[in-house]
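Summarising the annotation, TrEMBL assigns domain 'Radical SAM core' to 51-273. Under the heading [4Fe-4S] cluster binding site, TrEMBL lists Cys65, Cys69, Cys72. Per TrEMBL, the feature (3R)-3-methyl-D-ornithine binding site maps to Ser140. Positions annotated as S-adenosyl-L-methionine binding site by TrEMBL: Glu165, Arg185, Leu236.
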Amino acid sequence: MIYGQELIDELYQKRILPKDKLIALLQAQNPELDAYLFSISQRIAIEQFGRRIYTRGLIEFTNYCKNNCYYCGIRRDNRHVQRYRLTTEQILNCCRQGYQLGFRTFVLQGGEDPYFTDQRMEEIIRQIKGEFPDCALTLSIGEKSRDSYQRLFDAGANRYLLRHETANDAHYAQLHPPELSLANRKRCLWDLKAIGYQVGCGFMVGSPGQTPETLAEDLLFIHELAPQMIGIGPFLHHQQTPFAQQPDGSMELTLFLIGLLRLMIPNALIPSTTALATIHPRGRELGILAGANVVMPNLSPTDVRAQYTLYDNKACTGEEAAESWAQLQKQMHSIGYCLAVDRGDFKPEVHGTQQK
Ligand code: 5AD
C-alpha cells in the first residue's frame, strides 16, 4: 500500500473529501500514486464513455478583450497583439469545414469583446443552429448578466464554458485586476446552470500563487457546483503579460488533477486541453489516459490563429482543420481510442459495471 492510496479510495467512494484530506492527497502526488489513480480514473472514463473521445471544434472568433487578466496574452493592455474579429460568414465557414470532418459541437470562444452585443451574438447563434440543427453550440465569451445569458440560451446556445480560475478570493485577486471578482464569476456560473446550460468551470494548474490549499478549494467548489464540464490545463507564461517571469505549471500535477476530477464526477466531460498538448509532446494522449474524454481542436482560420495566443508556444497554430482531425485520430488510435462523430452531450452516470 502506497501513501495516498486510501485517500484516493475514499475520494472515489465519497466523491469528496474534507479539505485537510484533499490537501494531503495533493501533496502525496508522485509517479507511483499517479499509476494507482490513473488505473481507476481511466477505467471510470471507459465505463462512462467507452474508448470514444468527443470532439469540439473551437472557433476563436475575436481576440479583442476588455479585461486585463495578469496571465492572459490577449489582455487589454497587450499592445503587441494584432486584434481581429471573424465575420458571421467566416464563422459559418469554420462550422461548414468542421461539420464535413465530423464535428458535432462548435465552441465559440472569444475575449470579452463589446462589439459582440447580445443582439449580434443571437444572430450568429441563430444562423449556426439554423444551418446545423444536429450540432451543439457552446459559448465561451466570459462574464455577462443573467439576462444576457438567458437571451443567448433562448437563441439556441446549449453549453457555456467559464473557468472559475481559482475558488480562493485572495488568489483570484492575485490573478485578476480589482474590477474582476470571484463572487461575480461564481454568480455567472450559478446563473448559467439555473438557466439550463450545460456548464463548464475549471482552472489553470500552477498559476502564480496557487497552493495545495487553493487547489483543495477548487475541488470543493467543483463538487458544490457539480458542473457538466471541467477544463483544466497547466499555466503557461506569456512574454507580454505581468506573469512573463513566472514558472509554468506542471504536467504531472495537471494529470493528477484530471484523475481526481474523474473520480469526483464520473460522467463529467473533461477535455485534454491544448495547454497540456503544448507543455509536452504527448500531453494530449496522457490527459486521455488520466481520465479526460474530450479534445477541442482549433477550427479558426489559420491566418488568425497566431493572434489568439493566450500563452507562449501554443500548440497547433499551423494545421488546417482536416489535418488536425486526421492527426488527432492517429494520436487517439495510438493509445487505443478513437474520435467520435457525436454531439457528446452530458449524460446521466452509467452504473452497474463498476468493479469496486
Ligand atoms: N496559460 C494557460 N492557460 C491560460 N488561460 C488564459 N491564459 C492562460 C495562460 N497563460 C486559460 C484561462 C482561460 C482559458 C480560456 O484559457 O483559464 O479561462
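Cβ atoms are placed via backbone N, Cα and C, with glycine included.
Neighbours of Cys65 ([4Fe-4S] cluster binding site), defined as other CB atoms within 10 A of its CB across all chains, total 21. Taking a Cβ distance under 6 Å to any atom of ligand 1 as the criterion, the binding-site residues Cys65, Cys69, Cys72, Arg185 reduce to Cys72. Take the CB of the residue listed as '(3R)-3-methyl-D-ornithine binding site' and look out to 10 A: across all protein chains shown you find 19 other CB atoms. Summarising the S-adenosyl-L-methionine site geometry, the residues cited as binding it (Glu165, Arg185, Leu236) extend over a maximum Cα to Cα distance of 22 Å. Listed in sequence order, the binding-site residues near Leu236 (S-adenosyl-L-methionine binding site) (C-alpha within 10 Å of its C-alpha) are Cys72, out of Cys69, Cys72, Ser140.
It is Cys72, among the binding-site residues Cys72, Leu236, whose Cβ has the fewest other Cβ atoms within 10 Å in the structure shown. Counting every protein chain shown, the number of other Cβ atoms lying within 10 Å of the Cβ of Cys69 ([4Fe-4S] cluster binding site) is 21. If you take the Cα of Arg185 (S-adenosyl-L-methionine binding site) and the Cα of Ser140 ((3R)-3-methyl-D-ornithine binding site), they are about 13 angstrom apart, rounded to a whole number. Cα separation, Cys69 ([4Fe-4S] cluster binding site) to Ser140 ((3R)-3-methyl-D-ornithine binding site), rounded: 16 Å.
A gap of 13 Å separates the Cα atoms of the residue listed as '(3R)-3-methyl-D-ornithine binding site' and Cys65 ([4Fe-4S] cluster binding site).
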